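Asks: Following this message is one structure expressed as structure tokens.
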Amino acid sequence: MAILASKDRSVRPVPKPAAEATWQAEIREAVRDGAELCRRLGLPPELASQAAAAQFPVFVPPSYLTRIKPGDATDPLLRQVMPLAEEEVVVASFTTDPVGDQAATLHPGVLQKYEGRALSVATGSCAVHCRYCFRRHFPYEEAPHSEAAWDSALRAIAEDPSITEVILSGGDPLMLVDSRVAMLVGKIADLPHIARLRIHTRLPIMIPRRVTDALLETLAGTKLTSVMVIHTNHARELASDVAVALERLGSAGIMLLNQAVLLRGVNDSIVAQRELSERLVAVGVLPYYLHQLDRVAGAAHFEVPIPEGKQIINDLRQQLPGYMVPRYVQEIAGEANKTVLA
Ligand SMILES: *Cc1c(COP(=O)(O)O)cnc(C)c1O
Ligand code: SF4
């Protein structure tokens, strides 16, 4: 018997999601105010910093809100989205462009830092605003907004046959509607030297209903090898409806990887990392990277010192199978690859 067939995911009936309108309704219903976020979770409204929210607005979709523990200001899911006064603390080494994105711009909306891979900033919007985000100061006005702008961005990729993989990132590329995603994937697949399409997204986590039939058809139907890197930092983000969405992606033949950021107060312990890896593998996702925090202004309180991160990974390596241990990496501006720390 084939190894792949031994898993019963192909025979279990997988529930169908509602239409595209439904996930977009979740975007419209997102909480966009710190005090409102506190009110919904039974927390004192002064916990939310208005000054921090003015720098980078609050944005939390309802589905994610249901996974946050009410009344707990230290909840690891809450910490990722709550604007705190600590963001206002100025730390000199934390800057607005910590990873050298400006220097790596190949064309407006297209970055190339690494051989063979071009990263396209598909859109500036996201389904959640992560307080530690390294792109919180990125000039998203430069992202292509029209089909003509897309064509010109893709021409830059078309002119370089050494590029074999297109990475759709952002922002979050799955904020685009399905017809846009299909148009884009079609244009990318038309470039003869592109073999792989990689999508970096938090949408299956934030709004699991984003995994629509139309999206699956596009990703399964292209001649490109489809890889999706979901961004999950904590096991509790992977609720049962998220697991269903991931199962649908996996069943459609899309390779699923996770990338997390090591964050103080969120996942900075061996237990949290172990639970994350175990839950990821249970829902069909391989842990790929654990990122050292990029030193973006406003995020210093999230930083975990590198020796501590190395210790966590080394402990994890003793406790888990090798494939369940993510590579602990750091992005150093100007380097030819992400630097492996452990
Ligand atoms: C991280 C990153 C990639 C992908 O790197 P991998 O090590 O292949 O995951 C590609 N382009 C840019 C601009 C990146 O920041
Ligand atoms: S989803 Fe990604 S790009 Fe968007 S705010 Fe979160 S970390 Fe930043």
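Count begins at 1; order follows the chain as displayed.
Cβ coordinates are placed from backbone N, Cα and C, and glycine is handled just like the others.
Please treat TrEMBL annotations as automatic predictions, because they have not gone through curation.
In case it helps, TrEMBL gives these features for our protein:
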- 111-323: domain 'Radical SAM core' (DOMAIN)
- Cys126, Cys130, Cys133: [4Fe-4S] cluster binding site (BINDING)
- Lys338: N6-(pyridoxal phosphate)lysine (MOD_RES)
Asks: If I take the alpha carbons of Cys126 ([4Fe-4S] cluster binding site) and Lys338 (N6-(pyridoxal phosphate)lysine), what is the distance between them in whole Å?
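Replies: About 24 Å separate the Cα atoms of these two residues.
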Asks: So if I take the recorded positions (Cys126, Cys133, Lys338) and measure from each Cβ to the nearest atom of ligand 2, which come out below 6 Å?
Replies: Cys126, Cys133
Asks: Count, for each of the binding-site residues Cys126, Cys130, Cys133, the other C-beta atoms lying within 10 angstroms of its own C-beta, and report the residue with the smallest count.
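Replies: Ranked by other Cβ atoms within 10 Å, the binding-site residues Cys126, Cys130, Cys133 bottom out at Cys133.
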Asks: What is the Cβ neighbour count of Lys338 (N6-(pyridoxal phosphate)lysine) at a 10 Å cut-off, with all protein chains included?
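Replies: For Lys338 (N6-(pyridoxal phosphate)lysine), the 10 Å Cβ neighbour count is 16.
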Asks: Cys126, Cys130, Cys133, Lys338: which of these recorded positions put a Cβ within less than 6 Å of any ligand 1 atom?
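Replies: So the answer is Lys338.
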Asks: Roughly how many Å separate the Cα of the residue listed as 'N6-(pyridoxal phosphate)lysine' from that of Cys130 ([4Fe-4S] cluster binding site), to the nearest whole number?
Replies: 22
Asks: Can you check how the pLDDT averages out over the domain 'Radical SAM core' (111-323)?
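Replies: Overall, the domain 'Radical SAM core' (111-323) comes to a mean pLDDT of 95.
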Asks: Going by DSSP, give the three-state secondary structure for Cys130 ([4Fe-4S] cluster binding site).
Replies: coil
Asks: Determine, for the [4Fe-4S] cluster site, the additional residues of the same chain whose CB lies within 8 Å of the mean position of the CB atoms of Cys126, Cys130, Cys133; present them in sequence order.
Replies: Val128, His129, Arg131, Tyr132, Arg135, Arg136, Arg202
